[in-house]
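> The structure is given below, and queries will be raised subsequently.
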């Protein structure tokens, strides 16, 4: 496994591998890898000749009062996890390499960036789309793997790829959960034991919502009300930012719940913002 920090060197290497007919799979991450990331890496290993993992905590997708400074970082740990999974290359650029002086070009996916997390994290998806567009141009992947836990992010990237004709196939992979139901996230590290216990109400609420739908309930308000009830019982709940049921393509709220619609939530447990979702 090789670690590459220079974008130009990375791009040259990837282009030469593609010339040799190699199929490149790419897993973009912000590091502090967990089983969710590893499941993406395994998908890539299965479907491609070369697997690249990028590790870059992207400052332009964090708002002024968000957790950029304290976001967990441990490169040596990430590196050894990647080695165990037989990753071929880690792309690990510095901030200066990605955003040199004078940088002023941004990518914005207008409609899909609105609503859900977009309402609470202005500029977030502009930061995500911009860094991912840059990474696509540097890594030149055939296939790229994103977790469905960040459902809105996945939709934003799919739209960007379509609208800007990126020659890449975007693969959305299922949410990976802890045995007790908690969706895996690098931010889970912030939770105390008691807060982690409280956070279980999130997945509990989602599973209950799915059960209601399977029992024939299609009124989104009834389902959302029940979800709020369950989450509100969490001892360390600080705030429910949103509970929405949206169409999985447009991300617009629905009047009647149908199969493949998505229930998405964002919740503060203590000082930690957690998101999760489930498909009906």
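From the backbone N, Cα and C atoms, a Cβ is placed for every residue, glycine too.
Straight from Swiss-Prot, here's the annotation block:
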type	residues	note
ACT_SITE	37	active site, proton donor
BINDING	30-37, 147-150, 176, 184-187	ATP binding site
BINDING	61, 153	(R)-pantoate binding site
BINDING	61	beta-alanine binding site
> Within 10 Å of each Cβ, count the other Cβ atoms and name the one among the binding-site residues 61, 186 with the highest count.
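Top count of Cβ atoms within 10 Å goes to 61.
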> At a 10 A cut-off on CB-CB distances, which of the recorded positions 37, 148 has the highest count?
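Ranked by Cβ atoms within 10 Å, first place goes to 37.
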> Far apart in sequence but close in space: which same-chain residues, 6 or more away, have a Cβ under 8 Å from residue 176 (ATP binding site)?
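Within the chain, residue 176 (ATP binding site) has Cβ neighbours under 8 Å at 34, 35, 36, 39, 147, 149, 183, 184.
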> Can you tell me how far the Cα of residue 153 ((R)-pantoate binding site) sits from the Cα of residue 30 (ATP binding site), in Å?
14
> Work out the three-state DSSP category of residue 61 ((R)-pantoate binding site).
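Helix, per DSSP.
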> Count, for each of the binding-site residues 30, 33, the other C-beta atoms lying within 10 angstroms of its own C-beta, and report the residue with the smallest count.
30
> To the nearest whole angstrom, state the Cα distance for the pair residue 30 (ATP binding site) and residue 61 ((R)-pantoate binding site).
11
> Round to the nearest Å and give the CA-to-CA distance linking residue 148 (ATP binding site) with the residue listed as 'active site, proton donor'.
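Taking the Cα atoms only, residue 148 (ATP binding site) lies 11 Å from the residue listed as 'active site, proton donor'.
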> If you measure from the Cα of residue 61 ((R)-pantoate binding site), which of the recorded positions 33, 37, 186 is the nearest?
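Nearest candidate: 186.
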> Specify the count of other C-beta atoms within 10 Å of the C-beta of residue 153 ((R)-pantoate binding site).
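23, counting other Cβ atoms within 10 Å of residue 153 ((R)-pantoate binding site).
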> Compute the C-alpha separation of residue 37 (active site, proton donor) from residue 186 (ATP binding site), stating it in Å without decimals.
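Spelling it out, the Cα of residue 37 (active site, proton donor) and the Cα of residue 186 (ATP binding site) are 10 Å apart.
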